[in-house]
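Under the heading domain 'FAD-binding', TrEMBL lists 19-356. Positions annotated as transmembrane segment by TrEMBL: 460-482, 533-553, 574-596, 616-635, 656-673, 679-697, 709-735.
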Amino acid sequence: MDYGIESDGNAKLQAPPRIIIGGGSITGLSLALMLQKVGIDFVVLEAHDEIAPEVGAGIVCNANGFRVLDQLGLYDDIMATATAPVQEMSNWWPNGELQSRNSDFSDILERVIGYPMVVLDRQELLRILYKHIEHKEKVITGARIEYADEGPSGVHVTISDGRQFKGDILVGADGVHSFVRDQMWRIAKATAPGYFSDNEIDHIKCNWITLFGISTLSDPRITTGSANSTLNYGGSFGLLSGGPSRKYFFLNKALPKELKGNEIREFEQADHDKMVQEHWDDIIQHDITFGKLYSSKIRTVLVHLEGYVFPKWHFGRIITLGDAAHKLHVVTGQGAMMGIEDVVVLVNNLMKRLDANVSPSLDAAQIHEIFDETQKSRESRSRTLMNESFFTQSMHSWKNPLLKFVVVHVVPRIGFDFILSQFLNGVRPGPCLEAVPRPGRRCLVGFDDERRIPFSPVRWLVKCLAYVALILCAVWAVGSAWSARSADGGTQHDSRLARADGLFRLDMSGTLIIMLIEGWRRINKTSLLQWPLIWALLVDFVGFSVVAPFFYLTNLWVSSSHGRMQYTALSRPMILPAAKVILPAVVLLYLLPGAFGAFGSNFDTASFLAWTGNMPPWPAATCTALIPLIASLMPGEQDKFFGEKYLKHLRASYKFMFAVLTLLHLASLAWQFKNNTLLFFLPARIAELVWLVAVYLEVRHYHQIGQRLLLHVSLIVLAFLVAGPGAAAVAFWYWREEINKRGQERA
């Protein structure tokens with residue numbers, strides 16, 4: 001295998017590796033600090049004459065990068081230097097009117113993930129990073145790389161003043177226009193033709209331009225610690241207010257056509273001035289115009305906003321990281337954080353390989369494996385966050401009518417829960433340095449690697465079997481319903497089936513109340529598959545016997561996709577107005593009418609048709625589901641973000657429904673035995689039992705319940721048979737609620 005590294009008999013180097021870092025960027029200096037922490041030699045070559053040049057504007061410190069910087073000992077310095085944490089998230093209409101606002105963002109973030117969101121000058125973060133490097137002589141400014149090459153013993157770099165540096169690995173941390181990347185392509189073309197494509201540069205594509213800036217505008221209407229987006233066709237404004245006299249802004253604008261590769265040229269001052277004049281009178285918020293903000297600028301720069309993830313990040317002894325390997329849109333504030341994540345993974349892989357070696361050095365194949373593992377670990381996440389960043393910008397700029405509809409009508413209604421869930425999904429998977437102690441900040445959710453639960457092959461197998469069983473039950477239920485439509489068992493059979501159907505629908509009120517409760521949890525507001533009104537409409541259209549297996553299958557799949565988040569303090573809370581009315585709605589609109597019908601004495605063919613026909617005389621499930629929806633839209637008492645006022649309503653619902661459904665089941669047992677109807681609607685019954693056991697195993701896994709597996713499963717089955725399926729379901733959901741609450745208290 002040709003790794004692009006000249007190797008003298010694949011012999012190992014005789015000394016520990018030395019890393020040459022091309023670029024004193026946030027990515028480059030972060031790597032230098034990490035190498036300092038783990039005791040690996042390095043040198044940083046920075047093209048500018050000073051380590052913190054006046055380039056760029058503000059940097060958002062998101063939790064995934066902030067945790068790593070905390071590991072490096074920078075937390076206090078960053079908090080002392082940064083502006084006020086971002087607490088307020090606001091969207092504004094093009095006319096300056098407020099569209100939506102969410103408060104206490106960083107307070108909630110800190111409680112959930114351990115870190116607030118802060119903003120500071122790019123220069124300031126570079127200064128902090130540099131301050132913590134002990135041997136300042138290892139960071140060389142005015143050292144523009146002019147040439148790089150490889151030999152049997154390492155990589156050789158020549159800088160602009162003629163000095164040469166030798167190392168074992170060269171890391172390109174020199175941004176979008178990476179010279180190190182160009183040298184890597186040149187070396188590969190000469191030594192391994194075809195490794196990179198001839199038009200590799202065309203992977204860089206651009207559809208947006210951005211005017212960055214810092215302003216000293218002081219206006220009390222711009223809230224300190226606020227992140228503001230002004231929505232508009234074809235572009236948007238972003239404004240981060242760090243204090244009375246510190247505003248970070250960016251003006252994003254769509255290009256008329258996509259540019260790629262060498263078509264992307266640097267802007268001239270005339271381009272900058274033209275864009276400023278075109279948007280001078282645009283309103284940002286209230287009556288504050290872009291021109292007013294620009295008039296108080298400290299500095300601005302107009303740049304293309306490229307988007308790319310290169311298919312190959314490395315060759316030989318050279319690897320590119322950060323913006324040299326991938327580029328995100330600025331709107332999500334993850335660009336610098338992703339560079340920090342890249343170098344974390346590189347250092348982790350480097351240390352794993354060195355720890356496994358007898359010698360403190362690395363050979364050609366090992367360097368290739370380190371690079372390959374680093375890219376494999378980072379590429380998918382980089383692509384996901386890149387796509388999300390540009391999609392967010394497309395939403396802010398109303399790229400098409402559908403996106404405008406979502407932004408104008410949907411997002412304000414799902415609101416802060418949607419923003420928070422998307423943010424956490426972006427930061428939770430972030431890696432940390434494995435060779436450096438973690439800060440251990442107390443929080444409710446934390447990062448994925450902090451709450452990692454060992455993979456269980458038995459659980460995986462059981463879950464697969466549960467999915468198969470639920471799918472088969474769903475198919476079986478559809479087939480049974482289709483057969484029942486064409487069957488004619490006579491009047492006596494019709495009467496017996498009608499009463500059995502009435503009892504079944506009555507017992508399904510246990511599933512209905514769970515359907516409503518789960519649909520009105522905040523974590524499920526953005527999940528269309530959990531919306532109770534959709535399920536209720538299906539129930540009234542085709543019946544619970546068909547819909548129930550599909551609901552159980554969907555609920556298990558959606559909750560499993562949330563992973564451990566399903567069992568955290570963020571997932572449990574409900575919309576309080578909905579929680580208050582769920583039990584009364586179920587009892588008055590579904591349970592009581594069903595009980596009168598199911599325990600009435602006159603069951604003839606007409607009543608059978610009323611119970612099982614396509615159009616029931618009363619769309620009970622739909623009417624029931626509408627009540628919480630209406631309640632949620634009405635003004636009334638609201639709970640705090642982590643409030644638990646909803647719990648008393650849920651506990652009352654579980655207890656009441658368990659008692660009533662148990663009594664109704666026991667009261668109907670004699671008739672069901674006599675008329676042999678206990679096995680009617682078997683697909684739905686089996687699906688319900690499989691679902692309860694599968695959800696129990698999920699709760700057991702994520703809460704690390706290590707004992708009494710057989711006892712708990714036996715209790716579920718016993719309750720299912722004695723108290724009835726509906727009562728068993730609500731009893732289990734009550735237990736699940738209490739286990740989740742205890743888990744939150746432990747967290």
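Here the Cβ of each residue, glycine as well, is placed from N, Cα and C on the backbone.
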Please figure out which one of 574-596, 616-635, 656-673, 679-697 racks up the most CB pairs under 8 Å against the transmembrane segment (533-553).
616-635
Quick check for me: are there 3+ Cβ pairs below 8 Å between the transmembrane segment (656-673) and the transmembrane segment (460-482), leaving out pairs under 6 residues apart?
no
Long-range Cβ contacts under 8 Å made by the transmembrane segment (616-635), restricted to residues 6 or more beyond its ends, are 512, 516, 519-520, 532-533, 535-537, 539-540, 544, 575, 577-578, 580-582, 584-586, 589-590, 593-594, 610
Winner by Cβ pairs under 8 Å against the transmembrane segment (460-482), considering only 574-596, 679-697, 709-735
679-697
Grab the pLDDT values for the domain 'FAD-binding' (19-356) and give me their mean, rounded.
92
If one takes Cβ-Cβ under 8 Å and requires six or more residues beyond its ends, the residues near the transmembrane segment (679-697) are 459, 462-463, 466, 469-470, 473-474, 476-477, 480, 497, 500-501, 504, 508, 511, 544-545, 548-549, 552-553, 555-556, 559, 712-713, 716-717, 720, 725, 728-729, 732, 736
